[in-house]
Ligand SMILES: [Zn+2]
């Protein structure tokens with residue numbers, strides 16, 4: 001429990017720490033000498049002390065870090081070490097080796113928040129536009145599939161509206177002609193309106209937002225103290241687990257809507273796996289740098305288990321375009337996540353040129369971008385699932 005760490009401790013670590021046997025060259029940061037400060041602390045030692053208490057809010061090199069902040073020896077410099085919480089928070093607006101890590105996932109969080117808000121509140125206008133398009137177009141181009149799927153998902157429509165939307169979605173997904181829309185309209189004219197449950201889709205959006213927010217907070221504030229680092233890393237692992245687990249929910253729930261037993265088996269298995277992963281990640285040994293591959297392997301195995309329901313889906317529904325489209329998105333998501341895990345575990349490119357990618361371009365930043373790309377692909381798949389099940393029900 002080290003929520004309060006003094007400058008003396010930092011100094012002790014510096015003098016006794018040295019570099020690891022396998023670590024690359026050590027570069028003294030010019031910024032270290034300049035005593036770069038967060039916030040407008042003014043000049044001189046007194047101003048620094050006044051601004052940051054007993055600590056110097058300066059960036060330090062890897063060999064000056066306490067053990068709990070030593071995660072990647074190929075990132076040589078520009079570390080924040082045991083900064084006060086206020087300065088750590090404000091450091092979101094300054095340049096250090098976590099700045100891009102913080103903002104990639106913070107921006108991703110707000111993007112998914114916007115998706116969720118749109119899903120929950122909007123689109124009667126798009127819905128109306130879809131209707132007018134259907135009514136006025138004779139040979140026209142089909143509108144954007146994502147926008148119309150969103151309209152379907154969010155519109156609070158009547159039974160009559162549901163049938164009309166169903167027709168639109170069927171035509172969109174099958175890239176059908178207007179004549180096909182008319183045929184679908186005739187076929188579905190007697191079908192009751194229905195709207196499949198939204199909770200699996202919202203659970204996924206919440207899982208993604210939780211992951212992105214926890215990640216961003218961890219990168220911003222873990223430098224504060226060993227205790228903060230311990231807690232935030234656990235929340236970060238829990239966020240990754242939540243993203244993986246909730247990614248299964250739309251896939252399993254909507255695909256096996258008509259088979260509650262299979263649905264419950266898959267959902268139960270992945271939820272139990274996620275709970276086990278969170279429990280394992282609570283062990284202090286879990287964050288040790290040498291267990292990087294074990295962490296990557298655990299999360300990769302959880303993600304890879306998604307192949308089972310996906311293959312199952314293709315066996316049962318392989319003839320349906322919705323199944324093919326969603327599987328395509330899921331493959332794109334899997335490729336992005338696997339590439340992210342590989343980059344995370346191998347620490348490429350910084351291992352090739354230690355110190356060169358401290359501020360921009362290091363593996364963790366690439367990992368973050370790939371996670372957002374994968375999460376977005378899965379969001380698109382979720383929209384297609386909603387369209388499919390709103391259309392067909394069970
Ligand atoms: Zn991260």
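Positions of Cβ are set from backbone N, Cα and C atoms, glycine also.
Just so it is clear, the model here is predicted, and its values are computed rather than measured.
TrEMBL assigns the feature transmembrane segment to one of the listed ranges (102-123, 124-145, 146-167), namely 102-123.
According to TrEMBL, the residue from 194, 219, 224, 227 that belongs to the Zn(2+) site alongside 364, 368 is 219.
Counting every protein chain shown, the number of other Cβ atoms lying within 10 Å of the Cβ of residue 219 (Zn(2+) binding site) is 24. Within 8 A of the CB centroid of the Zn(2+) site residues 219, 364, 368, the other residues of that chain are 98, 100, 101, 102, 104, 105, 215, 365, 367. Long-range Cβ proximity for residue 368 (Zn(2+) binding site), meaning a same-chain Cβ under 8 A and a gap of 6 or more residues, is found for 100, 101, 104, 105, 108, 215, 340. Neighbours of residue 364 (Zn(2+) binding site), defined as other CB atoms within 10 A of its CB across all chains, total 23.
Comparing 102-123, 201-223, 263-286 for CB pairs under 8 angstroms to the transmembrane segment (293-311), the maximum falls on 263-286.
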